[in-house]
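**Student:** Let me begin by handing over the structure; questions about it come next.
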């Protein structure tokens, strides 16, 4: 009987905690569209329980706000449209997040673990004197998180003790929220002077591609040093077009200048977990595996039967890629 | 001329296949080859190149950790750093030492040493946190230039090209600033034997977090460290036709 009582008490208590909990999700967008990882971050926030507020900041917030308004279960969408956020610099955004935090007292602040989220969140966390948790792959409770360390070769479960938890989440570990069925009200974020003279945005050079975006593609075709030149990547583009796939690369291929570095998959590049990953001419170094070994099905095409990639691949083909890849493209 | 602080971390060598401890409290580090975090080598190299271009007058390397951390400071000295500071943290305190602690330590030393730039690697390959530069910048209220692949130093500002998800972006930030080095910033040099010998004569000062007034009490409790799920062994297929069949069976292609 006692145990029944205490369980009831625990349930009530944890419900109370949940009611007190509130999460701020920092939306990522480019002033024209919402970045898909925001949907994964939202799903992670829902796992934490409690209220959810989304913050959209930029020079033009309309498109992102419109999409987010359709998400269900949101308490509010805060909008901060201001020239100060040109280039989404961490310095200007941190001031905004702190002002928002001061007004609403969130228990959790969440963003996707992208270049944007990774640059911003630790700066926010330090200002709150909170130790952030990077690239979370699992949420066990409101204070217990799972992340990978040592290039994905160990999985760490930790309890974050700081009162405000600041988390960046790995997009591929949380199913994207479908942004349907809701009608969240949007309201202005706390007003303030967010312009900073510390940093200014000069410009960007983005790689243009009609193919799906690497981190959210269902199929990824990646090439390594075995491709021997940038021109030979055309073999992979042809195969990718047949499969509606994104194209990735190993560090070796990027360092050799075959492809730009935003295509790098691995510990220090992008982390992908598509349904199908086809590794072509990639040996499978620890650092590369860190970025793709959660893919559902892995295919490796390599002429070296001893290549470590065959230890993680579901289907291996020991063959010359210059023959096998065109043949595969032709037969699909 | 500017003074630069570089942060260097001693980590398990990148080529080592790590092993999780049987008690699941961490990974085996005893008797395992350690070296300087690869991103920190890039940070040191960049500082040394700035000094060679006469943009920088002095470089100080800091490492937080047990006594063996002095080895990575020596490596940095052999690459061209002028002096080292070893912030000694060992035992259980080192197990829970996090970027938030390190950034407060770096910030304090940056102020004490009156440096104009702090350069660290973008992430350590052991905890994969990617936080220290950003947090150090926050503590100091300095601008941050993260994931740098190109740095041009002006008089009062830096022009930095950053590696971002869609490609590259360029920012300008005021000096003093904190920079985190990405892989493609440069190719670190090897320390030559004469320079390794010379490095033995360069000074390393030892301090503790307490001397610096930095509290390093744990912010996290590590519940467990485990092996990742093991993938089922796959099959080697005889030819492309067999692969096409498997892809069709798996529903990957129509």
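Glycine is treated like the rest: Cβ placed from N, Cα and C.
What TrEMBL says about a protein is an automatic prediction, not a curated fact.
Okay, so TrEMBL annotates it like this:
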BINDING   A:225, A:250-251, A:264-268, A:281-288, A:302  FAD binding site
DOMAIN    A:23-205  domain 'Electron transfer flavoprotein alpha/beta-subunit N-terminal'
**Student:** Return the binding-site residues from the list A:225, A:267, A:282, A:285, A:288 for which some CB of chain B is under 8 Å from the residue's own CB; sequence order; 'none' if the set is empty.
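**Tutor:** Among the binding-site residues A:225, A:267, A:282, A:285, A:288, the ones whose Cβ sits under 8 Å from a Cβ of chain B are A:267.
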**Student:** If H, G and I count as helix, E and B as strand, and all else as coil, what does DSSP give for residue A:282 (FAD binding site)?
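**Tutor:** In three-state terms, residue A:282 (FAD binding site) counts as coil.
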**Student:** Output, ordered by sequence, the same-chain residues six or more apart from residue A:288 (FAD binding site) with a CB under 8 Å from its CB, or 'none'.
**Tutor:** A:224, A:250, A:251, A:265, A:266, A:267, A:282
**Student:** For residue A:225 (FAD binding site), what is the tally of other C-beta atoms lying within 10 angstroms of its C-beta?
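**Tutor:** By my count, 16.
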**Student:** With DSSP assignments reduced to helix, strand and coil, which class does residue A:288 (FAD binding site) get?
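**Tutor:** The residue in question, residue A:288 (FAD binding site), is helix (DSSP, three-state).
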**Student:** On a simple 10 Å Cβ count over all chains shown, which one of the binding-site residues A:264, A:267 is most densely packed?
**Tutor:** A:264
**Student:** So, three-state DSSP: helix, strand or coil for residue A:267 (FAD binding site)?
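**Tutor:** Looking at the DSSP assignment, residue A:267 (FAD binding site) belongs to neither helix nor strand, so coil.
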**Student:** Would you please pick out, from the binding-site residues A:282, A:285, the one with the fewest other Cβ atoms within 10 Å of its Cβ?
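**Tutor:** Taking A:282, A:285 as the binding-site residues, the minimal 10 Å Cβ count falls on A:285.
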